[in-house]
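Report on one structure; see the data block that follows.
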């Protein structure tokens, strides 16, 4: 038994200067777990609710004192005396206590912070690393892998104040033999890209996720700049480095007109036309993964996209699936996409997150563990990626300590596990292995 004696919630700051919830869980014997909830900018409409205070006189309405009060009040009372090793039971207690479909009473930010803190406290009580405890909870004890990183080196959309409509342009160091080598390759391309952008007279200011946020003539111009940067860094595009995109297409979808409006380059597309636009990019560049290539509700369009490209590249559902097993099952049953992005604050507990990962893997989908644009120094997703052998991780660029914290944790884990956690590179990407 690792009984909970105290649960503490507090309001802390995230990487965008907005409040978020941090929770501490204290166990008998002095064991402690602490975790913070992240926050998204481009959010799916079906995500679990992030509870904000709405008091415009305080943090412009974005305070989280209501969520913190839920942690310090009803959640703390309900969990006191319970065994922290019983993760699923404790998560269910919080879900039932909240009593809403989308965790609107307490907020997914409150429930998730406690859920993750429980797991960390339990790992502490077991005297094992968090990734090892997560593997136990996942039913795969001792099974690990180092994730292939998707490094977001050009930011657009809701993550930057620029003319680029597509939200993320990412590189994947598929030619590396280890995570450490892959991280180095990514960093070298990132610095090479800074020189390319400067030489063309572009800004090298960074967006929410640490990537550069230049004003470019088109979305394809971002891919062209990265292509030059990869070559200048001494790598071969398509062999050493592959490309990935997160369109976050819901953000530029005009629901009334039923069109995809790339305002930055003055182009408009129907659903089918946008699929062909994306297909064209994959033919000109080694893009092996596209996330949220259409609006979250455009299921007919996604069916077409999957038929068009699903046997060649990875099609990732983020806003589409929101880490929700009910929605994911519908996608699996209807042949929609072939991969899922996992963001634990979209669903609100570690147990539900693990269930989504299992369902995806059982269906032959690939899994990408992801940060949010509003992050903290909390590096739990690094342990989640290794402990579930997810295979891929998205945690931003090679700048901003809120992003680099996750990479540094992965370096530590790889050092500790060595050959027990293989780095499989391109084999992890759907359609490429």
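Every residue, even glycine, has its Cβ placed from backbone N, Cα and C.
For the Mg(2+) site, Swiss-Prot lists 246, 291; matching the candidates 208, 311, 318, 319 against that entry yields 318. Swiss-Prot names 343, 372, 373, 394 as (2R)-2-phosphoglycerate ligands; from the candidate set 167, 279, 432, the record adds 167 to that same site. Between the recorded positions 209, 291, 318, 209 has the most other Cβ atoms inside 10 Å of its own Cβ, all protein chains included. Note on proximity: of the recorded positions 209, 246, 343, the one nearest residue 167 ((2R)-2-phosphoglycerate binding site) is 246, by Cα distance. Comparing the Cα of residue 291 (Mg(2+) binding site) with the Cα of every entry in 209, 372, 373, 394, these being the recorded positions, the smallest distance points to 394. Here the Cα atom of residue 372 ((2R)-2-phosphoglycerate binding site) is found 7 Å from that of residue 343 (active site, proton acceptor).
Proximity to residue 209 (active site, proton donor), defined by a C-alpha to C-alpha distance within 10 angstroms, is shown by none of the recorded positions 246, 318, 343.
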